Structure formats: C-alpha cells, structure tokens
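Peer 1: If you look up Swiss-Prot, you'll see 1-27 marked as signal peptide. Look at Swiss-Prot and you will find 32-45, 48-61, 51-72, 75-88, 94-114, 117-136, 139-149 tagged as disulfide bond. Swiss-Prot lists 39, 58 with the feature N-linked glycosylation site, giving sequence analysis as the kind of evidence. The repeat 'TNFR-Cys 3' annotation in Swiss-Prot covers 116-149. Annotated topological domain 'Cytoplasmic' per Swiss-Prot: 205-514, in sequence order. Feature annotation from Swiss-Prot assigns compositional bias 'Polar residues' to 267-279.
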C-alpha cells in the first residue's frame, strides 16, 4: 500500500510541474506583439524581420510565433509593396477601370499613377481631382459644351488633309465587299416585304371574320349620343330654385392621375440627383413667413386623415419641411373635426397636392449642394483610408453597406445600381459574380485582389451610388463630423408618424473608431 501511495504522489507532482511549465510558456508567447516572435534562446520577444520595398513575407510571423523558413520574396509582375510587413498589391489599371492614360507606370516599389482621360472620355468638373477620383465618363452622355468631347468630334469631322494636294482619291475597295453589300440589301428588302405581306393577310382575315364590327361601333356611338341627350333633358326638367352639387364630376377630377414629371436630359449627374431625392431632406429650415404662406395655400392638406392611411410613410420627405399644421393641431384632428366629406375622398384629393409640394422642395440647387457635400466627404475619406483594404473595416459597417447595395429600386431617371454592377466595375466576370450571394463576398474578393477602400469608393461614385458613399464615409469619419458637414434636421413627433424610420441613423462606435 505504501508503494502505491508513493507512486501516486510522484505522478501528481509530475503533472503539476508540467502544467506550470505550460502556463509559463503560454504566458511568454502571449506577451509578444503583432509583429514579434518568442525567441527561446534569449527567452524574450524579438521583432520579425522586415522586408524591403518591392518584397513581401512568404510566411507568417507575429504574436509570439514564427514559421520555419520565413523569408522575404520579391513581388510578382504587376504588383507592388511598400516594404516592412505589407503584402504585394496589384497595380492600378488606369486604362480599363479609370478610362485614363498612364502618367507613370507602376513598379515593384510603387503603384501606377493615372493621367488625363482617354480620347472619347471626360471627367466631371465638380468632382475632387485627386488620385482616386480620376473617374472618366464616356462622351456619349456628356453635355454639349464639354471641351474634351469637342476635341474628339472635331478630330473625327475634320480629318487631316495635305494642303499641297487638290484631289481626294477614294479608298480602294475590294470587289467582294461590293457584292456582299448588294446581297445584304436584297435579303433585307425581301424580308421586309414578306413581313408587310403577312401583316396585310392577317388583317384581311380578321376583318373578314368580323363583318359586324362597324355596325357594333356605330351602335355604341348612337347609344352615347342618346345618353347625352337624356342628360340634357333631365337638366332642363329641374327647377331653377334647386341647387345641384356636382359631386360625381368633382370625384372624377380627383381620380385623374397626376402629371408625370419631366425627366432631365442633362449629363450623368442628373441621374444621381434623382436618386438622391429619395433619401435626403431639404438642408435649410423654412422661415415663419413660408410656413404661414404654406398654411394659406395648402389648407386642404390639414384635412388628411392619418388613421385611414398607414402607408403615408411612402410619401416624399418634402412634407417634413412644410410642417403642415392648422391652428396648432395636427392633420388627423382636422379630419375628425370636418365631417362634410368622407375620409377616403379627402385623402385621395390631397395625395396629388402632397406630391406637388415634394417636387417643389427638391430643387436642383439643394441636390447640387448635397452632392458636393458627399463628394467632399469622399475626398476626405480617401485621404484617411489610403492603403487600407475594405475588409479592415468592422463587420457591421460592411454589412450595412452590403444591405444598401442589395436593395434595388427604380427612380424617375434610371435604375439604381446594386452590388452586381459594382462587381462589374471591378472587372469581374459574370460567372464569378453569379457565385456570390451578397456584397460581403464582393468586399472580401476585392480585398484579396489588392484593392483599397478608396478604390471601392471610386467604383461607387462611378456607378452613381452616392448614398452608399455617404454611408461608408460616415462610418469611417464618425457621426460628429458628418452632422457638421451634412446638417440633417430633426423631426418632431407628428412628422415621425408619416416617415418610415431609417435602418441606421448613426454609425456604431466600432465603425467610428476606424
């Protein structure tokens, strides 16, 4: 028995000593920094070897561990690195992505630098002219007075002619091309004639199968004329002292569809202004004089019954700036006090006036100032996040941007681009885009390819998604600076019943810490 007790004591002592050694070893490894490894010879943490510019580490080193065979290897062709512990990144593709010329080609130690736009492309003047804002657009959508596009059209219209020669020789063409053009014209003419003949035959059989069509139509006309004459006779029979309320005629007028807004045919920025009008309020609060005038001219709006319209949050945000109030009471109280008309009749007669107020509030000047502020935020964010990849942002920031890019809706000018259009702007193939489910996978893919946060913002500007640019800039710069620059206005309790709440009113502390 004593022998067994001694053996048990020896085993327990051995296990306890082994646990103590493991605890000391783990404590020593955990005390090392991000780019340090634990040297068992010197029993201390040492810094990992740094690579020179144009090189990258082939193994991992840091947090107390160092892989065997750690060394610095040169960057492959088409990539660059600034040295130390940075991996090699791909050079900027000025021609394919930015549609610009190459000012300085990229080397193994620095990135490529883009120059002016390619022939047939131009750059908007109201955008920041920095390294990451060199986004050129096609001259097909350019205004008439664009200088870069004028040069291209003049070069096409006025080809160079030798002043010494007085005759212009035609271009020699092969006889085979002439015969091919003739055959193509004959084939197209034959197809066109056959199509016309088929249409005429079908129309002939349709008219032959329905011989009583004209009689039916003439009978309908006769019935309509008789109905009008009967109405006139009924009106004549009514005495003069009887008052007739034309409720049906007024109701028919109210049921008429509102006029469609005229689309702007300006440059590519007009489409973005129409998109921004869905998500912004007016930047300036109306004065008391404007409030009095709006109460006098739009007093019918105070009769809108909010209780009968739970989906009034889909109305334009222009109602927030007008603050429709009658004698200190909200619109719902006005509708309850007035019992002369039905609620459905009141609301149907006021929807068109609400849309008219919304269209008057969102003037082009407000949209331009809003666009300028967002582009200023974009330029500042590019300066702050230079060299950072998108995956270095917190997960909740990337998830919010992915949700914004996943929602697709149509505006008056164009269809809002989604993350799939963003992937196409990065040059990804459709097969690869089809394998992705959301924007988070796209952010991880472009980060692996070596693109940075400014590159991502530049693509968002290129596809006209300034709302996503504003969201990412707000997450990076923080809420205080965004409030000072953009100046959003607060909403009182009554108007909060009319507007759907925003999914993310302010960036989280994790986003603002970037």
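Cβ coordinates are placed from backbone N, Cα and C, and glycine is handled just like the others.
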Peer 1: Tell me the Cα distance separating residue 32 (disulfide bond) from residue 61 (disulfide bond), rounded to the nearest angstrom.
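Peer 2: Pair distance, Cα basis, whole Å: 11 Å.
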Peer 1: So, three-state DSSP: helix, strand or coil for residue 45 (disulfide bond)?
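Peer 2: SS state of residue 45 (disulfide bond) = strand.
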Peer 1: Just to verify a number: CA distance, residue 51 (disulfide bond) to residue 88 (disulfide bond), in angstrom, no decimals.
Peer 2: 11
Peer 1: Measuring Cα to Cα, tell me the gap between residue 75 (disulfide bond) and residue 39 (N-linked glycosylation site) in whole angstrom.
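Peer 2: The separation of the Cα atoms works out to 28 Å.
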Peer 1: Relative to the Cα of residue 94 (disulfide bond), which of the recorded positions 45, 58, 88, 117, 149 has the closest Cα?
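Peer 2: Answer for the nearest of the recorded positions: 117.
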Peer 1: For residue 149 (disulfide bond) and residue 117 (disulfide bond), what Cα-Cα distance in Å is obtained after rounding to a whole number?
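Peer 2: Computed Cα spacing between residue 149 (disulfide bond) and residue 117 (disulfide bond) is 11 Å.
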Peer 1: If you skip the near sequence neighbours and keep only those at least six away, which residues in the chain come within under 8 angstroms of residue 88 (disulfide bond), Cβ to Cβ?
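Peer 2: Residue 88 (disulfide bond) has long-range Cβ partners 56, 75, 76, 79, 80, 81, 450.
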Peer 1: Could you check what DSSP calls residue 61 (disulfide bond) once collapsed to helix, strand or coil?
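Peer 2: Assignment for residue 61 (disulfide bond) reads strand.
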Peer 1: Rounded to a whole number, how many Å is the Cα of residue 139 (disulfide bond) away from the Cα of residue 117 (disulfide bond)?
Peer 2: 11
